[in-house]
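Annotated in Swiss-Prot:
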- 78-91, 285-297: NAD(+) binding site (BINDING)
- Arg99, Arg109, Arg138, Asp227: substrate binding site (BINDING)
- Asp227, Asp251, Asp255: Mg(2+) binding site (BINDING)
- Tyr145: site 'Important for catalysis' (SITE)
- Lys195: site 'Important for catalysis' (SITE)
Amino acid sequence: MHKQYHIAVLPGDGIGPEVMQEAYKILQVLREHFSLFIKTKEFDIGGIAIDNHGIALPKKTLIGCENSDAILLGSIGGKKWDTLPINERPERASLLPLRKHFNFFCNLRPSNLYKELNFLSPLRNDIVKHGFDILCVRELTGGIYFGKPRGRVTKKKLMYAFDTEIYYKFEIVRIAHLAFKLARSRKHKLCSIDKANVLESSILWREVVEEVSKEYPDVILSHLYIDNVCMQIIKDPNQFDVLLCSNLFGDIISDECAMITGSIGMLPSASLNEKNFGLYEPAGGSAPDIQGKNIANPIAQILSLSMLIRYSMNLNKIANKIDNAVINVLKKGYKTMDISKDQNYLKTNEMGDVIADFLKRDK
């Protein structure tokens with residue numbers, strides 16, 4: 001008997017509902033041509049949830065996510081809700097509590113530049129002519145974003161603010177094991193990012209990563225300081241495979257890697273907990289300026305679905321087929337507006353149709 005999977009679908013705001021429709025096309029192909037038993041159920045989140053329920057993360061949505069095997073998210077936010085108090089705005093009032101509720105300790109941000117699209121990168125052609133494939137593994141629950149004490153003080157004419165960078169050994173061990181396992185499934189290379197020449201937390205980070213590495217003798221481990229890796233990624237991104245980062249450094253590096261691909265509309269992301277339950281979403285925003293114009297790139301949403309199938313369902317072969325369908329579509333010259341050199345481009349729904357068609361052929 002085949003396992004039945006349940007996905008909580010959160011289309012959200014902006015272009016989210018549009019690109020989610022294209023992910024549905026891929027799901028339908030998986031049902032009809034690959035005999036996968038996948039059920040989906042939609043729930044409101046973000047701005048649309050505020051409009052419909054008066055709250056960005058309704059209890060019904062949270063319960064729906066709890067009863068699923070994974071969460072597939074579109075996008076959240078828009079100008080319509082920017083006048084709300086900051087803690088009530090869609091992004092902060094929905095994503096942060098959702099991540100906290102499920103204890104997502106790891107963020108995966110792949111940055112792939114396909115050689116067919118190397119003209120999009122701001123880097124020189126001789127650097128990116130073969131494309132690149134980097135996976136940033138970012139620790140999500142520790143570090144300076146959550147460390148205490150933190151605050152701001154004014155004493156007479158003196159004003160200052162302070163934050164605390166703190167990492168517990170178990171947090172580093174947990175994220176390091178995951179990064180090594182991912183490196184083992186790729187090119188067996190892992191680069192750990194720190195600032196161990198200055199920060200005590202980074203000294204511990206490096207010591208613990210070295211300790212964990214003894215369990216993965218087949219993975220080549222290297223260490224770089226955050227300032228150096230920022231330069232090295234620009235100089236030669238192909239030298240890297242998996243990057244292991246703390247919360248702050250991963251925030252910086254993942255955005256740099258995204259920028260040098262030339263189109264964030266191509267990039268998926270995943271947030272995972274210890275049970276491999278995950279939240280999968282495009283790395284870009286809700287893009288309200290192009291909402292409803294049928295020109296958004298659905299590839300990031302489709303690749304987010306691929307990551308869901310890979311990490312939460314453990315169906316690597318199926319995920320590879322989705323990835324290959326995207327690659328083959330690009331090789332054939334099909335492009336959406338954001339990645340096209342000219343006016344000859346596909347609409348959002350057309351790109352979804354083409355990718356679904358290529359996937360059918362790879363049965």
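If you go along the chain as it appears here, the first residue is 1 and each next one adds 1.
The backbone N, Cα and C atoms fix where each Cβ goes, glycine too.
Here the features listed in Swiss-Prot are placed on the structure.
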| residue | record | Cβ contacts under 8 Å, 6 or more apart |
| --- | --- | --- |
| Asp82 | NAD(+) binding site | Arg89 |
| Ile86 | NAD(+) binding site | Arg92 |
| Pro90 | NAD(+) binding site | Asp13, Ile45, Gly46, Gly47, Ala49, Ile50, Ala56, Ile76, Gly77, Gly78, Trp81 |
| Arg99 | substrate binding site | Leu140, Ser271, Leu279 |
| Arg109 | substrate binding site | Leu135, Cys136, Arg138, Gly250, Ser254, Cys257, Ala258, Leu267, Ser269, Ala283 |
| Tyr145 | site 'Important for catalysis' | Asn247, Leu248 |
| Lys195 | site 'Important for catalysis' | Ser202, Tyr225, Ile226, Asp227, Phe249 |
| Ala287 | NAD(+) binding site | Gly14, Ile15, Ser75, Ala296 |
| Gln291 | NAD(+) binding site | Gly14, Ile15, Glu18, Gly78 |
**Message:** What whole-number Å value do you get for the CA-CA distance of Ile295 (NAD(+) binding site) and Asp251 (Mg(2+) binding site)?
**Reply:** 28
**Prompt:** Any idea of the Cα spread of the substrate site, Arg99, Arg109, Arg138, Asp227, as a max distance in Å?
**Reply:** 28
**Residues within 8 Å of the Asp227, Asp251, Asp255 Cβ centre (excluding the Mg(2+) site residues themselves)** = Ile226, Cys230, Leu248, Phe249, Gly250, Ile252, Ile253, Ser254, Glu256
**Fill in**
DSSP, reduced to three states, assigns Asp227 (substrate binding site) to helix
**Message:** Let me check the 10 A CB neighbour count of Asp227 (substrate binding site). How many other CB atoms are there?
**Reply:** 10
**Complete:** Per DSSP (three-state), Ile86 (NAD(+) binding site) is helix
**Item:** DSSP state at Arg109 (substrate binding site), helix/strand/coil
**Value:** strand
**Request:** By Cβ count within 10 Å, point out the most packed of the binding-site residues listed: Asp251, Asp255.
**Result:** Asp251
**Item:** Lowest local Cβ density (other Cβ within 10 Å) among binding-site residues: Gly78, Arg138, Ile295
**Value:** Ile295
